[in-house]
C-alpha cells in the first residue's frame, strides 16, 4: 500500500473540529511514513474473537487453527509465538572454555606449556560458534552483543590461524624475537578494544563489567609478556584469564538458569554507579519541585491538600539526605553508594518514596481548586501543572526503574519486547468491567493491526513501558465507551494499531461514533480540572486504579492532559479530531525507547 494516509480515511465535512495541543497531528497521518516498498500486514478480529479477517476474507478462528496445524497436534492447538532464543549463553560458553584451557597453559599449570590443544577449541567452539552467536545477537538487534561476540569469535579463529602451519604465519618470521613482538602488538590491540567495550558496560551488572575489565587486563598482561619478554607477566595473565573464564561461565549461567529449569538461579548485582545517578537525579527533581512550590502564594500553600504535597516532598528530600549522612553540600557531592548493602537500603527508601507520593494528584487537584492560587491566570496554572506532573512521572519512573534493576530485571521498567495486543486487551478488559459496573453493558470494539517492516516480521512487539501505554489507552477508551453508550450508538469503537518497525514508532487510532465533542467544550479538553462528569460521579468506578496511580483521577479532568504528558515524555504525541454529531478520533503516537 503506497502513501497510506489515515487522515484521509476520516470523514470530512463542514462540521469537522480539531482538538490538539498547539501542534499539528503527527505520525499516524504522515504520508511519508509509508511507501510501496514496505510490507504491510492487515489482520482484523471480530468483537467476540471467533472470527479473523485476512484482508477482505473472513475465517473462523477454529478452522484456521486446524488448517495451520497448531503445534502438530490435531484439534485446537494455539499457534506458538516464534521468537529467537537468547544466543548470548552459547557464545559466552564458547569463550569461557577456550579462555580457561589457554589460561591454564599460560599459567603453567602442571608444567604444560604447549598450547596446541587449544587450536581446535579456538577454531570451532570459541571461534565459529561464538561468531555465529554474535550474528544471532545482530538479528536480535543487540548491537553490543553482536560486536562483542562476533569480534571475540574472530579473535579465537585468528589465534588458531597463527598456530596452524597451513597459514604460514609463524614461519614467515625469520627472527623469533620479531614474531614475539608482533604477537605482543596483536594482543595489545585486543586489550585496547576490550577496554573500549568495558566503557559500554558501566551501566550493566557487576559480573558483566568485571568480565570485560579483567579480560582487558588479561590481554594487557599477555602483551607485556611478549613485548617485555616477561614470563611472570605471562603467568599472571594466565591466572587472571582463568578468573575471566569463570566469570564468563557465571554470566552464561545467569542467562540459562530460571525458576522453570533450576533450583539454583543467580541475581544480577548492579554497579553502584546506577544508584548514584538515581540518587542525584531524584534529589534534583525533588529540589526543583520544592523550589517551584515555594514560589506559590503563602496563603495558598496553607491549604491542607497543598500542605500534604509539600510535606511529602520535604519528607522524601529528608529521607535521601539522611541516607547520605552528608554534613554539607561538599559531603553530598562526594557521597557514593559503594556496595550492595547500601543499595538495598537505598531501594527501601525509594519504595517509601513511591508510597508517599502515590495519592498526590487528587491532593494537588483539590488544593489548587480550593486555594484558587491560579484563579485569574490559567496559563500559569497550566505551565505549573505541566512541569509538576512531568517531573512527578519522571521521579516515579526513575525510582521504579532502579528498584526493578536492583531486583534482577536488567531492563528495568521498560520491556524490550512488549506485547502490544496484550496491553491493548488489558485496557479493553478494564474499560469493559467499568462500563458493566456503571452502565450494565459494554461496547463492541473492532481491532485492526498493521505492521510496517521490510523483513516481513509479523510480531507485534514494541520497546516501551507498558503502564504508560495502558494509562493513555484507558483514558481514551473510557471516554469513547462513555460517549458511545450515553449516545445510544450501536457502532463499534474501531481501533487501528500501526507498528512501524523501521521508524520504531507505535501508533493508535481510536474512532468512535459517540456524537463527537460539543464545540463549546472542544477548546477546554486539554485544560486541567475540566470535566464533563458531574460532581456526583467524580469518584465513580471509572476512576479505579489500573497499575498507574494517576488513573485514580479519571473523571476529575486530569485524564487527557496527563495522557498528553505520558505520550510526550519520550517524544510521542496525542491529538483528537472530532466531528460534532458523529464521533471522535484519537491519534496516539509512541516512540520506542
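Glycine is treated like the rest: Cβ placed from N, Cα and C.
TrEMBL entries are annotated by machine, without manual review.
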Which listed span TrEMBL calls transmembrane segment, if the choices are 37-56, 57-76, 117-136, 257-276: 117-136
Correct range for transmembrane segment (source TrEMBL, candidates 16-34, 206-224): 206-224
Surrounding residues of the transmembrane segment (236-253) on its own chain - C-beta under 8 Å, 6+ positions past either end: 88-90, 92-93, 95-97, 99-100, 102-109, 207-208, 210-211, 214-215, 217-219, 221-222, 225, 266
For the transmembrane segment (143-167), sequence-distant contacts whose Cβ falls under 8 Å of one of its Cβ atoms, 6 or more beyond its ends: 87-88, 91, 94-95, 98, 115-116, 118-123, 126-135, 137, 183, 190, 193, 197, 200, 212
Mean of pLDDT values spanning the domain 'Histidine kinase' (469-593): 80
